[in-house]
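> This is the structure I want to talk about, given as structure tokens.
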Amino acid sequence: MSTATNSQALPPVKRRNAELAMTLAAIGATMFALIEIGLTRNGEMPPQLFLYGGVFGGLAILSHVFIRFFAPWSDPLLLPLATLLNGLGIAMLWRLDQGGIDRAGPMSQLILTAVSMAVFAGIIFFLKEPRTLQRYPYMIGLGAVILLLMPLIPGIGMTVNGARQWVNLGFTTLQPSEFAKIALVIFLSGYMVSKRDVLSLASKQVKVGRFKILDLPRMRDMAPMAAMWGFCIIVLVILMNDLGTSLLLFGTFLAMIYVATHRSSWIVIGLTAFFGACLALYPFVSHFKVRMVTWLDAFAPEVYCTDDVINNQPDAWCNILGNGNSQQLVRGIFALAEGGVTGRGFGGGDVGYIIEVQNDFIFAAFAEELGLTGIMVMLLALVLMVERGMRIALASKELFIKMFASGISFLIGFQTFVVIGGVTRVIPMTGATIPFVAKGGSALLSSWIMLALLMRMSNNARKPAPQAIQDEGATQVIQR
Amino acid sequence: MNTPIRRLAFFCMALFGVLLLNVTWIQAFQAESLREHPFNARQYAEVLNLPRGPIVIGGDEVAMSEPVGGDSEAYQREYTAGGLYAHAVGTFPIRGDGVEKSENSLLDGTDERLAVRNFMDTITGAEHQGASVEMTIDPAAQQAAMDGLEALGKNGAAVALDPSTGAILALYSNPTFDPNPVSDVANPNDAQAAWTELTEDERKPLLNRALKERYPPGSTFKVVTAAAALENGASPDSTMDAPASINLGAPLPNAWGGPCNGGEPDSLAHSIEQSCNTSMANWALELGDAKMTEQAEKFGFNQGGLETPVPALESLYPNPSGDRNLLGRSGIGQGNVEATPLQMAMVASGIANKGDIMQPYMVESVKDSDLSTIEGHSPETYATAVSGQTADQLKDMMVLVTEGPDASGSQGAIPGMQVAGKTGTAETGSGPTHNWFISFAPADDPQVAVAVVVEHGGMSGGTAAAPIAKGIMEAVIDE
């Protein structure tokens, strides 16, 4: 196996004290954010400082202590980064709540953080060997499909903001796609490890002159690609109007098949099929067009929907039922501009101008109040998390774990790109949540689950191999 | 398997690189222009919180800002003179043209010329204050214009200029509107409703007819035709055939149906005094396309819009290009000739000022809150329309219009002084005639030049417009 061992790249030290120091710094940043908001908005130290800062800080330190005992060799950077992002998210939601945005719900976010951290600890404790997940790829794959289809079940399925991606369980609402994506990564890791030789087979080379451009796979090996494509396009896009999840899952699929086979032809085929389908469906699926128009022509009066257009142009694009308008996107961009390089200070902005600011557009609120400087910190924290995850994949020995860690890491990175790229008009808005930051229980919980998986895998990768017992002669106990 | 993982890691970094570049582009480079984007509601909310400088006319603050009070940090603009200056001053929050718009950055204190003082204010902790704008308008003349047009009950406009400087002494458009309801900051919905009601009003009270409406100038344009004749060798005594009617393809009769000089050829001076159509059309035909167009353009036609600084439309004298009918009719201000009231006031003021038209302006000075002048106005020549000699000859002819034996505009005469004037009754093609009067006084030492138009007055220039012009001139001279 060419990827035999790489563990020497990481020094066999635990660095738990470094983790503690950085976690304390992240808690400090959260506390400082809360204080600044209180002073800016109300001119006083926030009375809830110990409720929010204290409880949150305590939870983070508890997580750290837990790791010290149960995953001492895990990557020391991941928990502080997650703490920073989660803490800033709670601080921003509290700030929005102070600013009169009732749906911000900072307290429920704090409670959900506690629940998420508990699940995080549970996974680290019970899942000693993530490779055991490799045993049941098809069951987990079936689970992913069921989770994804749950919102279509009449009675419990819910449509929010046009996308059918929620289920109502009576006592709580869930966004099952948040968990399905993790299950999908597990399934794909297991499936592709066992099928990678077949998937790597080439039947035909495409050449231009003397230069080899692509190795095309055999037609009969196209089945998984076709299934994934069909599912993403038909179920997610057409039936559920969930472009964000569709893009996320298909992107992750392509990344993982590339990692498994090292064949760029899969990416070319996948992208061609996906965007070809989008292009072919464009005239028939109305919400495609809506998203493209609001993205490309966001600043056109008939798309933004100025008062003049509403009152005087009944035939204008945005006045046609179901088209919506680009006001949320454009106001988010205005918030970014308002923040400039240094921002208006935590609590000092007018984030009420942004529609539904507590969801995807919480990024715009950060951009306004913390400025370019603060946004760079947030993006760097996220990219560090992704790259540390990739490092885990490199350091692991087992193919399944390599696939799994790189898949989870890519998922975090790509999800960030899809949501922030949508808010800042790099790509069309599709609706997704920034990991750890945005409001929403399902999203937060799935973020912490992904973190737990990464930490468990890094612990196992960095743990020094057990010393061979030389004293007892040539005999060794091999346990499986 | 490590190579693809490394590539994937690079790809993720590239994704974040794109995000970082994009937010840097938006927040560092585009931020300035996005903050001023017309859709960006923040800027409008912010300017409401700026203490805006007053607009001063005749020593009185006709627009000033007062704190709204209560929880609000906003200021409410108050217009103490109601609708009197509405078209010249405009409204704040800005909805249409006016000084409120053209001098906005000085009034709200964001102009670069105020940057040094704003910086000093920041250091000393003094409150920011916008600059005050002093306008050239003469309250008495403006009031006379409003009274005259309102009493008549017709749509119309009046413009008065100081011929020697170009200062706009009166600028009134009837009907006017009260800027206070549409500027209500505390109740923006009420303000919007009031504005919508005004935009839907059939009489178009929001239209500034003095600057933004073009009318056929009718016989007032004969002054321009006469100027072209005099500049090209004719004298006031030069004669031209003046029958009861001439045929330009379609008949062109005189207003009263008879000939101008008992059927004999009529002198240029008497043609102006009596407002003879046939002789003036013949003059235009004799002068030809080129000379007529050249003279009209010297007076300001076809020269683009003006910034007073409130923008005015361009007045038009399309070259007849060999069309005899159009050329003849253009000589009496019909055909395709179209002029704003400001343009016709400029014609009168150019003749009054020995042929030089001064650049019209309505902002006399802009003063900082400590009363130091930031921006003053020094009069400048807009164009030289005719020679001094021609101007004198035209003046004498125009005096006959108000006091000659066949005077067509005796209603514009003022006892005790000579008034130079010219009437105009323009066919409109639809509805009753437009009635014009342009004039200046005193003729020997002009202090004011006026143009008045009554839209679809259906009377004559002498009966409808001349009395209003007289009132405006008296208001200026009496001071």
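Each residue, glycine too, has its Cβ placed from N, Cα and C.
All annotation found in TrEMBL is predicted automatically rather than curated by experts.
These figures come from a predicted structure and were not determined experimentally.
So TrEMBL lists these for the protein:
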type	residues	note
TRANSMEM	A:20-37	transmembrane segment
TRANSMEM	A:49-71	transmembrane segment
TRANSMEM	A:77-96	transmembrane segment
TRANSMEM	A:108-126	transmembrane segment
TRANSMEM	A:138-157	transmembrane segment
TRANSMEM	A:226-259	transmembrane segment
TRANSMEM	A:266-285	transmembrane segment
TRANSMEM	A:361-387	transmembrane segment
TRANSMEM	A:399-420	transmembrane segment
TRANSMEM	A:432-454	transmembrane segment
> Are there residues at least 6 beyond the ends of the transmembrane segment (A:108-126) whose Cβ is under 8 Å from a Cβ of it, and what are they?
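Residues packing against the transmembrane segment (A:108-126) from afar: 52, 55-56, 59-60, 62-63, 66-67, 70-71, 86, 89-90, 93, 439, 441, 444-445, 447-449, 451-453, 455-456, 459.
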> How about long-range neighbours of the transmembrane segment (A:399-420): same chain, 6 or more residues beyond its ends, C-beta under 8 Å?
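Distal contacts: 1, 3, 130-131, 133-134, 181-182, 185-186, 188-190, 192-193, 196, 244, 247-248, 251-252, 255-256, 259-260, 360, 363, 379, 382-383, 385-390, 392-393, 426-427, 430-435, 438, 447, 450, 453-454, 457-458, 460-461.
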> Same-chain Cβ contacts of the transmembrane segment (A:138-157) under 8 Å, 6 or more residues past its ends?
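Distant Cβ neighbours of the transmembrane segment (A:138-157) are 164-169, 176-177, 179-181, 183-184, 186-187, 190-191, 231, 235-236, 239-240, 245.
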> Do at least three CB pairs under 8 A connect the transmembrane segment (A:49-71) and the transmembrane segment (A:361-387), leaving out pairs fewer than 6 apart in sequence?
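As far as Cβ distances go (cut-off 8 Å, pairs 6 or more apart), the transmembrane segment (A:361-387) and the transmembrane segment (A:49-71) do not touch.
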> In the same chain, which residue numbers or ranges, 6 or more beyond the ends of the transmembrane segment (A:20-37), come under 8 angstroms Cβ to Cβ?
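Residues 45-46, 48-49, 52-53, 56-57, 60-61, 64, 76-77, 79-81, 83-84, 87-88, 90-92, 94-95, 98, 345-347.
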